[in-house]
Amino acid sequence: MLTYGAPFNFPRWIDEHAHLLKPPVGNRQVWQDSDFIVTVVGGPNHRTDYHDDPLEEFFYQLRGNAYLNLWVDGRRERADLKEGDIFLLPPHVRHSPQRPEAGSACLVIERQRPAGMLDGFEWYCDACGHLVHRVEVQLKSIVTDLPPLFESFYASEDKRRCPHCGQVHPGRAA
């Protein structure tokens, strides 16, 4: 018996789960309890956080277009993901996926994190570019672990205030 089931038609799977690939859910994990986190992420969505993944992330833009806002060597950059593009993001490159197109779909593959290996989530000041807030978590479930972290940041003006210039990060409305 195959642990993860028989092969299946992936485009059909995406169509069958399309209702989960848009707000408010936005993503669906393909397999549970494997060594890989294989997720399909849909649009539209807009994120204000930057993810610091301790391991590589693989992106395959299946439908539509998206882009990653990046912090590289202290400056902002952008990596466009056009339909059909693949991209391997190195570990610890801060990235903020932006999926402006409804109906878009991206396959994202990550490795499960070993115990003690933490993911970071950061927010930067729009006015001066300094780090406003960082939180680290032992990531077990994207669906259950992340919303409380984000809500805690959005709900606190103190957490959103830039320690360098005093500007308040607008939170989810950025």
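Easy rule for this one: first residue shown is 1, then count along the chain.
Note: Cβ is positioned from N, Cα and C throughout, glycine not excepted.
Over in Swiss-Prot, the protein carries these features:
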type    : residues                       : note
BINDING : Arg47                          : O2 binding site
BINDING : His51, Glu57, His95            : Fe cation 1 binding site
BINDING : Glu57, Arg99, Glu110           : substrate binding site
BINDING : Cys125, Cys128, Cys162, Cys165 : Fe cation 2 binding site
If one looks at the chain holding Cys162 (Fe cation 2 binding site), which residues at least 6 apart in sequence have a CB under 8 angstroms from its CB?
-> Cys125, Ala127, Cys128, His130, Val132, Val168, His169
Write out, in the order they occur in the sequence, the residues of the chain not among His51, Glu57, His95 that have a C-beta within 8 Å of the mean position of the C-beta atoms of the recorded Fe cation 1 site.
-> Tyr50, Asp52, Asp53, Leu68, Leu89, Val93, Arg94, Ser96, Pro97
Tell me the Cβ neighbour count for Cys128 (Fe cation 2 binding site), meaning other Cβ atoms within 10 Å of its Cβ, over all protein chains shown.
-> 12
Cα separation, Arg47 (O2 binding site) to His95 (Fe cation 1 binding site) (Å, whole number) = 10
Would you list, in sequence order, the binding-site residues among His51, Glu57, Cys165 whose CA lies within 10 Å of the CA of Glu110 (substrate binding site)?
-> Glu57
Same chain, 6+ residues apart, C-beta under 8 Å of the C-beta of Glu57 (Fe cation 1 binding site), given in sequence order | Leu88, Leu89, His95, Val108, Ile109, Glu110
Could you state the whole-number distance in Å separating the C-alpha atoms of His51 (Fe cation 1 binding site) and Arg99 (substrate binding site)?
-> 15
Hey, what's the Cβ neighbour count for Cys165 (Fe cation 2 binding site) at 10 Å?
-> 12
May I ask for the distance between the residue listed as 'O2 binding site' and Cys165 (Fe cation 2 binding site), taken between their Cα atoms and rounded to an integer number of Å?
-> 22
